[in-house]
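Colleague: The feature domain 'DUF6533' is assigned by TrEMBL to 23-67. Residues or ranges marked as transmembrane segment by TrEMBL: 57-76, 88-110, 122-143, 175-196, 223-248, 260-279.
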Amino acid sequence: MSSTSDPLHTLYKALEVFQDSRYSRAAVLTLLICDMISNFPDEVRYIWRSRWSFTKVVYIYARYYALWTLVFILAVENHQNSLKVCKGYYYYYTLGNMTHTAVVDAIFVLRIYALWGKSRKILISFSLLCIVEVGLEFFATYWCGRAASVHAIPAFLPGLEGCWTNYSDPRNFGLVGWIPCSIVPFLFLLATLVKFRESIAFPGNKQSFLQDIRQAQHNISPIIIVFVRDGAFFFFIITVTTVIVMVLSEYKEGFYIAPSYPWFATIYSIASSHLVLNLRRQGANAGRPTMIHNMDSGYDGSHVEIGSIRFKSNPHYIDSRTVVAVSESSKHSFQPSNSF
């Protein structure tokens, strides 16, 4: 009796998860469309009307890939498909999301590169880190996508459409891609916080991080606040989302991957687009400039001698050994780096 009831119970759970997947995709599609509509006027102003650049290209791809994918999935799963379509569907589902992750990583690298004063060490280090991540993710997703495609079949029960696969991941190959994908955004988060601490603390300062923030909170440029606030928030959200989806992907050999994976792509899309758009929005609207006082002029442990420096009205970056102060009297606005 148990041998009969177990397969029936598994089939029932599969149908239940299949239905939940549709609800999940509808919810995440609603979230994505609402975010796009609410930010579209600023997107037209600061992205579409800007000159074509690498940043603009990766922004558009990162922003609209998730929307296209969700619409594509809904179309496939609400249609009677052939075996050929179902096999291609699972290849696209896995490898397409890997490409999206790689493009979003490019935005992360550009952002951290700009924040760290266009440091070549930071650029090379995080670029290599992301290349390793993408390489491992490609290995894992290609293996999983191929296996899912081999076992793909059109839905065959009455009243159900779309594509099914009985693929499972008994060797946990998916973790090869998920683990680095979880670690990398966390490292971007740490790099953002480290740079922020370095920017507001004097050399030799023994105060805590929170004390430094309280002391400098009225003297920090709005553009730096956007850099740090968005970086900390979105890198944290991406890390948490990736860990949750990773656990659900490996739990019971991927039984719950269908309802959870769309959230991964959508959060990546929202986070990466806001990291670019919010920075350009603030750079265009900032009413106070960032004044940079270099502290290399002299420091003996007891006092700081600040040398006089002539500042540009359109500075490109912040040196790693600087303290940010705000000049209320100047009428110039800080503009974000042209590279970002």
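Glycine too: its Cβ is placed from the backbone N, Cα and C atoms.
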Colleague: Could you tell me whether the transmembrane segment (88-110) and the transmembrane segment (175-196) have 3+ CB pairs under 8 A, leaving out pairs under 6 positions apart?
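Modeller: In this chain the transmembrane segment (175-196) contacts the transmembrane segment (88-110) - 3 or more Cβ pairs sit under 8 Å.
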Colleague: Would you kindly list the residues that approach the transmembrane segment (88-110) from elsewhere in its chain, counting only those six or more residues past its ends and only Cβ-Cβ distances under 8 Å?
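Modeller: Residues packing against the transmembrane segment (88-110) from afar: 54-55, 58-59, 61-62, 65-66, 69, 72-73, 76, 81, 123, 126-127, 130, 133-134, 137-138, 141-142, 144-146, 148-149, 152, 163, 165, 167, 177, 181, 184-185, 188, 235, 261, 264-265, 268-269, 271-272, 275-276, 339-340.
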Colleague: Determine which residues of the chain contact the transmembrane segment (122-143) at the Cβ level, with the cut-off under 8 Å and only residues 6 or more beyond its ends counted.
Modeller: 94-95, 97-98, 101-102, 105-106, 108-109, 112-113, 116, 173-178, 180-181, 183-184, 187-188, 191
Colleague: So, by DSSP, how many helix, strand and coil residues make up the domain 'DUF6533' (23-67)?
Modeller: 40 helix, 0 strand, 5 coil
